[in-house]
């Protein structure tokens, strides 16, 4: 109701989070759709550099990703630690999410501030299915992270 009376859907709290961040983190698909219909910006980041998609990629809510990704979400945006949404998906072994991100052009060779890539993140956590998913996608296993 407030949106129809001019409330800015991109208004931020003290941490830079928008209603879209909160709705995404809470898995509120209906609210996300309403916010987007009222012009919410899918690429806004909070003070930690987190987008709404970062909020869902760790708990594999593909339904929300399917709403956000076609709206022009920039999947190359990295958080304050340099983690893209693919890093987050790899660290949490959310395979379906990783496949979706790759299909939208996520860079499997994006390096975070620690010099780490998504595949080594998954391997270190012993997520063999995630490693297999990335390799099956065409990941070059000879590419090294910053520590070799």
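We count from 1, first residue shown onward.
In case you wondered, yes, glycine gets a Cβ from its N, Cα and C as well.
Annotation comment: TrEMBL describes 15-47, 48-80, 81-113, 114-146 as repeat 'ANK'.
Per DSSP, the repeat 'ANK' (114-146) is made up of 17 helix, 0 strand, 16 coil. In the predicted model, residues of the repeat 'ANK' (81-113) average a pLDDT of 94.
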